[in-house]
Amino acid sequence: MEKAAGSPAVGGSYPQKNAEILSSQYGISLFLAGLLLTFAWAVHAVGISKSHLLSYLITLMLIQLLWMLWYLCRSCTQRRLIRDKDTHAGARWLKCGITLFAVITLILDSFKIGYYIDFSNCLSPTEGIFPVTHAVHTILQVYFLWCHAKDVIQSFKTLERFGVIHSVFTNLLLWTNGVLTESKHQLNEHKERLITLGFGNITIVLDDHAPQCNCTTTTLCSIFSQGIYYLYPFNIEYHILASTMLYVLWKNIGRKVEHHQQNKTPFKFHGITVGMIFGLIVLTSTIGIVVVYLIQIGGSKIKSELALTMFYLHAIFVLALMCTAGIVALLIYRLEDRSLDNSKNPARKLDAELLVGTAAGSWLLSWGSILAIICAQAHPKYTWYNLPYSVLVIIEKYIQNLFIIESIHREQEKVNDNIKTLRIVTISRGSTLSLTPLHKEIYNGRATRDTGEVPCLFKGSICGTDNDGAGVAQEETSQDNISVMHSASDFSFYSRNSVTNSKRRILKNIAAFLFLCNLSLWIPPAFGCRPEYDNGLEEIVFGFEPWIIVVNLAMPFSIFYRMHSAASLFEVNCKT
């Protein structure tokens, strides 16, 4: 009978597992088709134009819009039902972050619409339809993620798997399209800068996708065309964040959630002043370095070399500080004895995998630079600064990944319940205040029967008795000993608590400092300060085209790593 009863449950899991496999294959197929279209447009394949790529993306966005509308309507009709929620998914700060990026993405779409209007005579209609569709898609998707990112879907599971995975890969394709467009713009600028550094033997052929007609209003066209590329980094981060949140939603479909109260972890500025001050100094100096770099690079050979040297020295100093902070945090963890939370958590698992996976992008670039320095026959002076910079990039990510992954897996520290009620029991000469049943429950972790028995405060120290006559005599003769033991235990607790608070304060300051440092290191590559492009030594060793391909593939992951690390460190700061 037990076997028969268990069979349906076991058999019932197979259709859902098949649905998961089929939906993932469907999503990968969509992504590969879009990737090939994107690649064909990038290399100017015969018969493939930008309008074909945009038509494909518009179709995917419209399908996702239909699915999200269906899901929202169905949720409204079932709003009275109690739904399972994954408390770890869709944190409020993550939703605020994606909303900020979405707002800037809407500004980008408005610039694209204005650009299309000015060049409407020679642009395909799809280039006007795409930003409009994308704006509607962005607004509805942000609303959907705010309302339903925590959902654990238990009905229409097969259909929902296909809808969610379609949304995941639609956002990944939009991310790929943004990365490619922004990379092509950066590559054109990079080719022009190489001449100023003396690399005249590299063939300079600009990959121009500009419209073949005149603009109706020259000033606006210049604003739109230049502004678009400064907004692309935010659009890129928006789509990768959306795809990760939707992926967690897909992994949660059909999942059995353990019902327990999740401790809230609000962000507080109290106690992290030192970390914030040093982090803001790094952030301010980085912005200044980026501005000077973008002004100086490409001006002349001397200015370009000075810009590269300045960038490397600043980055070496910041990375050395980050390595030191990470090592201190790990040493504090080694001194603590706290267990790790190994419960099933799709959001946390994805965070750890993304940290290691995206770090591989910058590791690839760093090892390429190290090999170029070792193998190159001629070494301009500024290239020697690239060696410690590349080594520190590798080491810093090793240390930071270990710190973040251990932090998000550590169980939150629980306050000892005995400590909370320590002050309730007051023992003074000649008088004793007994505990109420409520406080007995706090001590014992359960409801105790009203027998007049007072639980022990400390092992072998203070115990209440039912015999009042004998208890009074014994109590009077032991008041001095009790007071001494109470004072010693109280002092021991506060001593331990002081040490714990000091460690906690140091960890919070380290997390705040690393959070701002990662934001600082996100800014240079996101806004065009890329020495991997401008160094020139790697192109000589590996060849121009191979190295540019490596940089274009690895750089988006390196940029995303910094933003994802900043988000993870924000969470670490809240949990510490």
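Using the three backbone atoms N, Cα and C, a Cβ is placed for every residue, glycine included.
Counting residues 6+ beyond its ends, the transmembrane segment (26-47) has Cβ neighbours under 8 Å at 53, 56-57, 60, 162, 165-166, 168-170, 172-173, 176-177, 180, 184 in the same chain. The feature transmembrane segment is assigned by TrEMBL to 26-47 (among others).
The transmembrane segment feature in TrEMBL is assigned to 53-72 (among others).
Residues or ranges marked as transmembrane segment by TrEMBL: 93-117 (among others).
Annotation comment: TrEMBL describes 129-146 (among others) as transmembrane segment.
The feature transmembrane segment is assigned by TrEMBL to 229-250 (among others).
Here TrEMBL flags 271-295 (among others) as transmembrane segment.
As annotated by TrEMBL, transmembrane segment applies to 311-333 (among others).
Counting only same-chain residues 6+ beyond the ends of the transmembrane segment (354-379), those with a CB under 8 A from a CB of the stretch are 244, 386-387, 389-391, 393-394, 397, 401, 404-405, 532, 535, 537-538, 540-542, 547, 550-551, 553-558, 560-561, 564-565, 568. Here TrEMBL flags 354-379 (among others) as transmembrane segment.
Annotated transmembrane segment per TrEMBL: 506-528 (among others), in sequence order.
Sequence-distant contacts of the transmembrane segment (540-561) (same chain, at least 6 residues past either end, Cβ-Cβ under 8 Å): 175, 179, 183, 187, 199, 202-203, 233, 236-237, 240, 354-355, 357-362, 364-365, 368, 371-372, 375-376, 397, 522, 525-526, 530, 532-533. The transmembrane segment annotation in TrEMBL covers 540-561 (among others).
Tertiary proximity for the transmembrane segment (506-528) is limited to same-chain residues at least six positions away from its ends with a CB under 8 Å from its CB atoms, namely 186, 189, 230, 233, 271-276, 278-280, 282-283, 286-287, 289-290, 293-294, 311, 315, 318, 321-322, 325-326, 328-329, 332, 400, 403, 407, 555, 558-559, 562-563, 565-566, 569-570, 572-573, 576. The stretches the transmembrane segment (229-250) and the transmembrane segment (53-72) are not in mutual contact, being linked by fewer than three Cβ pairs under 8 Å (pairs 6 or more apart in sequence).
Contact check: the transmembrane segment (129-146) against the transmembrane segment (93-117) gives at least three Cβ pairs closer than 8 Å, residues 6 or more apart, which meets the contact criterion.
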